[in-house]
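Single-structure report; data block below.
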């Protein structure tokens, strides 16, 4: 089995964000110290990186499922959770990332192109990690001073992608099976491709680095083509994707073939027809030269056979009439290889300069609109507010007469994933956010009535509930005692001296009030003393005397008063 794999389907998932913490600060002499729950850590992302040391996608065939590390949950004392580590996956230079399309459980086919990793070190974030949930310390504000909940971490992005390897080479060797392409790449470079005397020996592309003086260039040996390959004959056009990145196409023609109906000119025309069929299906990268416009070079091989050399000399003028450069070589005797090497080096130098010029012109012609730098807190403000374009509400109905309202939008779907539905206060916070965004108003506009089913989100992550716009905003104890609005600690509203620190003005006022009260008591006692109430017991025992200390209609403890 070959260890070369140039197309795989990979399932990637970013790490989940950690949950926020709903901690309460506990400190001596501070019974109402407030919330101190930290935020959850963000999940790690899955990143493809072009690596010059990688040459195949074989690892992803046997391990197609890759997942990044999740973030940890927040802790008390406003300690944020740690961020999950990013998962960096090395891929060969020239790898193209496509979105995988197709029904679940069946083979996928490439969809939209997501990235083209053409240079070593290029990176693409294929699955972003989820954001960590906010702790209750971050949720506290002027009106919600003691949140009893925190937000959950968001799940990481999850998707299927297709990786296609398109070899980066300067020269592509194309030709019929057994034309000598593998022998040529082995003779000009240090590559060791499989060589045998039967067709379709080469089943995978081979790359070789050729040295011409101080210059180096790469040649690619593409598996053999036959007429009708565009309709699936032979190996089809499966491996022709490897010539998309090559700037020079070299036709290797077998001049010693004995197959009936074949000659060098007919072989060239047949291959050009297949290339034209394939070129019409391509979407070339920025600055690339279309395949029909790329320079061709004709290599007449196997001239070590006498009849083949005569045929090569005969057809050479015919190719030159078409404006093509022709080289007569033999991979067995190495005849003409040195001249071919220098000719390819000069052609590669010119094409590299041409491609660089095209890319620069394309970049200058592109209009890049850069958004203004947003303030630091813009994201949080946008997360709370919104406009009518942030979501959509549609009325849905199935064949059974079941009716529901579907709410879709980035913010509502994110908020649903962040909500802990086991916490009534968190559910109420979600209701407040949706109402502030305008979801309730839009539901009324669409004709929704209390009790109608509402679904927020798509697929398995959708949340269903019965809409009740009149739900109470405050939480309740088990006995029905109202606790107040969400996030409001009623203890903070009490005038308890232990919960409030007096100002200096209040201390002075209370001190003067206390001293005035004591002075009034002393003056009253002094007046009673001067009136003789303390010296005459009969006056003190008079229950009709309103000015005495023991009067006011009270009966003596030792005996009844005589009438």
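Backbone N, Cα and C atoms are what each Cβ position is placed from, and that goes for glycine too.
Listed in Swiss-Prot for this protein:
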- 2-168: domain 'Obg' (DOMAIN)
- 169-349: domain 'OBG-type G' (DOMAIN)
- 175-182, 200-204, 221-224, 301-304, 330-332: GTP binding site (BINDING)
- 182, 202: Mg(2+) binding site (BINDING)
- 383-469: domain 'OCT' (DOMAIN)
- 525-563: region 'Disordered' (REGION)
Sort residue 175 (GTP binding site) into helix, strand or coil using the DSSP assignment. coil
181, 302: which of these binding-site residues has the sparsest Cβ neighbourhood within 10 Å? 302
Cβ packing number for residue 182 (Mg(2+) binding site), 10 Å threshold: 25
Between the binding-site residues 178, 330, where is the Cβ count within 10 Å the lowest? 178
Residue counts for the domain 'OCT' (383-469) under DSSP, helix then strand then coil, are 38 helix, 20 strand, 29 coil
Cα distance, residue 182 (Mg(2+) binding site) to residue 223 (GTP binding site), nearest Å? 9
Local Cβ density at residue 223 (GTP binding site) - other Cβ atoms counted within 10 Å: 22
